[in-house]
Each structure stands twice: as C-alpha cells, then as structure tokens.
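In Swiss-Prot this protein carries:
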TRANSMEM  19-39  transmembrane segment
TRANSMEM  53-73  transmembrane segment
TRANSMEM  78-98  transmembrane segment
TRANSMEM  115-135  transmembrane segment
TRANSMEM  148-168  transmembrane segment
TRANSMEM  175-195  transmembrane segment
Amino acid sequence: MSTIEAEKPRTEVSPRLKLVLELGPLMVFFFANSRGDWLASRFPVLAELGGPIFIATGLFMAATATALIVSWIMTRTLPMMPLISGIVVFVFGALTLWLQNDTFIKMKPTIVNTLFGAILLGGLLFGKSLLGYVFHAAFKLDEDGWRKLTIRWGVFFLFLAVLNEIVWRSFSTDFWVAFKVWGTMPITILFTLAQMPLIMKHSQERESAE
C-alpha cells in the first residue's frame, strides 16, 4: 500500500448519525429496562441474564459496542470520550451481570463523569486545555476561550457525577434509568447551548472573518 493510499482523509460522521450513535445505546437501555419481562418471554437467552435491569445492562453493552464499531468503520478512529465511556460500560456492565448487583451499572455514570471532570481540570494544572482535543474539529477558540470552556465542562462533569449519586441512591431503579435518558440528556443539551455565547466570543473563525 502506498503512502498516499495510507493517508486517505477520514470520513466525518454526519451530525445525525453521531447523535444516533451517542443516544442509541441509552435508548436501548431505557427500552430494555421498561420492557425487560416482555423481552425475556420472547428471547429466553435474555432471561438467563436476570431481571429487567440486567437484561438492559447486557443490551446496553451490546449497543455500546455496536456504536463504537460503526464509528470506527466510518472514521477509522475512536473519539476519546465515547471510548473511555465504553470501556467503563464493559467493565461495570460485566461486574453487574457476573455478581447480579446493579450497583455497578448505576455507579458507571459517576465514575465516567468524575474521570472526565478530573482529566479536564487536572489538565489545566499542567497548562493543558484538553477539551480542545475533543472539540477541535467542531470549532476553533483562542487559548483563553478553551481554558474557560474546559473549566465549565470540568465542573459540569463533576456536577453530573454528584447528581447521579443522589438519584440512584435516593430513588427506584426505574426512576434512575428514566432519569439517565430524560433527565441527564436535556440537562446536558441545555448546558451545551448555554456555552454558545462564550464560544462565539472566543471563536477564532469569527476573528478571521473580521
């Protein structure tokens, strides 16, 4: 294979497909938990996993693996955040099924969000705005903009970690599963939209246009 062939540009995933890959596993998790008994009656192999939350965990792991595989096939790369999240899903999902203890899958968002928050805020201590490596393809900001956005996202991830702990320890499993889809996602979308003024203010593309 020639050098030119080896360096073919990567295919960018469309925003719609990216949304499906990110939300798809969560929707599978929600559906499988709410319809666990029905799935168990239709597919005996799933019944062997245990109750609805365990069936949901197994299918969540499968859906997450599928999303990562599709992303790799399309782009020949795996984004850092989905990859880390996927690894934690597989580890904590396996523990959940093996020990028949749903505490592990419930703590997965806490671990992932704490890890992301610590990485982002910890990077700033070494003068690195690591969020830039995640969003660099989407937009370009000046150094001060990346620093401020990194702080905000770092704190937000830690907030989500604390929120997850409160919800799963204080409410039922069904409520927690529903909150993952219909609570956490809207909160994240609203937070993302709230960052637009900061992004516009520090956008280098805007400065170039001027």
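Every residue number used here counts from 1 along the chain in the order it is shown.
Every residue gets a Cβ built from N, Cα and C, even glycine.
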Do we see three or more Cβ pairs under 8 Å linking the transmembrane segment (115-135) and the transmembrane segment (78-98), pairs being at least 6 apart in sequence?
yes
Would you mind listing the long-range same-chain contacts of the transmembrane segment (53-73), meaning Cβ under 8 Å and 6+ residues beyond its ends?
13, 21-22, 24-26, 28-30, 32-33, 36, 39-40, 46-47, 79, 82-83, 85-86, 89-90, 93-94, 96-97, 100, 102, 105, 173, 177
